[in-house]
Amino acid sequence: MITGAADDDPSGIGTYSQLGAQFGLAMLWTVPVSLFLAAAVEELAGRLGLAGREGLASLVKKNFAAPVLYFAALLVTAANTFNIGADLGSMAASLRLVIPVPFVPLLITITVVVLVLEVFIQYHQYSRLLRFLTLSLFAYIAVLAVVHVDWRAVISNLAIPHLSMSKAYLGGLVAIFGTTISPYLMFWQCSEEVEETEDLREKAQQPSPRRVSGMQVDVIVGMTAAVLIMFAILVSAASTLGAHGITNIGTADQAAQALKPIAGNFAGLLFALGIVGTGALAVPVLAGSTGYALAETLDWHEGLSKSLRHARGFYVVIIGSMLVGLLMNFVGLNPIKALVYSALLNGLAAPPLILLMLILGNRRKAVHVFRSGWISNTLVGIAFLLMAGLPIAYLVAK
């Protein structure tokens, strides 16, 4: 559920809002596709963690040459750090809708608070409180009951892909799949299954079929929740922003207008709660997955269940990635536009990592008896081909 909630981070909210406003209902076909592909990729990541008893970077290290490992670690570090910066900037920008404080002090305060919570409080403890803030995202579902929605067109666009070879549309597809099937979620899901196994002190060499089934149910529930919100944001943005001629979202205030039909003058507050809540959940996941990737690559002790004293290098990476993300907001990037740029970067970084996972899922050395079946191989293979092909199509499009 935490992985699913983190999937709808500020980058996801910003990307879905922009694409819904810009293209209307034309990208709704990506909703069911995203559900199947994201669930398959996350299930594979979880199974690798359960069966291999190691994080994704450690598994890559044991099964591939060193350059492959360093390339994978570099990909996830670059994508995560940019995503952290975009999320922090959007959190500060959205809070300004309700708190009349300059952007920079808000940005620094948010960064310090999230960093202190992640380093000194176990993530699972404070996530229990923060995830209630993400309930504000369900306001997008309520919007659908208030505004005029052409449900016949919605069903048609859900069922039938509407493709365009324009550069803007293809770039939108890279972003929408990039923010839904993000590299950091793969590392996080895998590592959290390992940590949970350690917390439960399971001594069996291999997980029980019941444990694997439980993980699969978790993944399906989490991804279904994430994709339901994705659907609601796309349709509500198309029916409010797009319907009123706002096709290029440049400010938090513009993005918040999608919630105005149900929240009125409180739309800014509701939007800020959603952005801050999901951001406070997602930023630790982003920084944590970077920490896992680099710590495993460099053979450092790692884990959010460990103290700063026992996993110093791991926490140094987390602090460093947060500080670099903070500094990114001082180079003049629009904090709302940066959310979509982050999704694009994730879309470029994901395919090589999906391919590595696909190979690992079929190696007995990595997953023992829990090798991928034909359904997993088919869906993850499609995810790789789709996400590898879209950037190429984007580059050659006029």
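For all residues, glycine too, the Cβ spot is worked out from N, Cα and C.
Please treat TrEMBL annotations as automatic predictions, because they have not gone through curation.
As given in TrEMBL:
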TRANSMEM  20-42  transmembrane segment
TRANSMEM  63-85  transmembrane segment
TRANSMEM  97-117  transmembrane segment
TRANSMEM  129-149  transmembrane segment
TRANSMEM  169-187  transmembrane segment
TRANSMEM  219-246  transmembrane segment
TRANSMEM  266-294  transmembrane segment
TRANSMEM  314-333  transmembrane segment
TRANSMEM  339-361  transmembrane segment
TRANSMEM  373-397  transmembrane segment
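Of the Cβ pairs linking the transmembrane segment (266-294) with the transmembrane segment (20-42) and spaced 6 or more residues apart, fewer than 3 are under 8 Å, so the two regions do not touch. Contact between the transmembrane segment (63-85) and the transmembrane segment (169-187) is supported: at least 3 Cβ pairs lie under 8 Å, counting only residues 6 or more apart in sequence.
Counting only same-chain residues 6+ beyond the ends of the transmembrane segment (97-117), those with a CB under 8 A from a CB of the stretch are 88-89, 91, 126, 252-253, 256, 268-269, 271-272, 276, 279-280, 283-284, 318-319, 322-323, 325-326, 329, 335.
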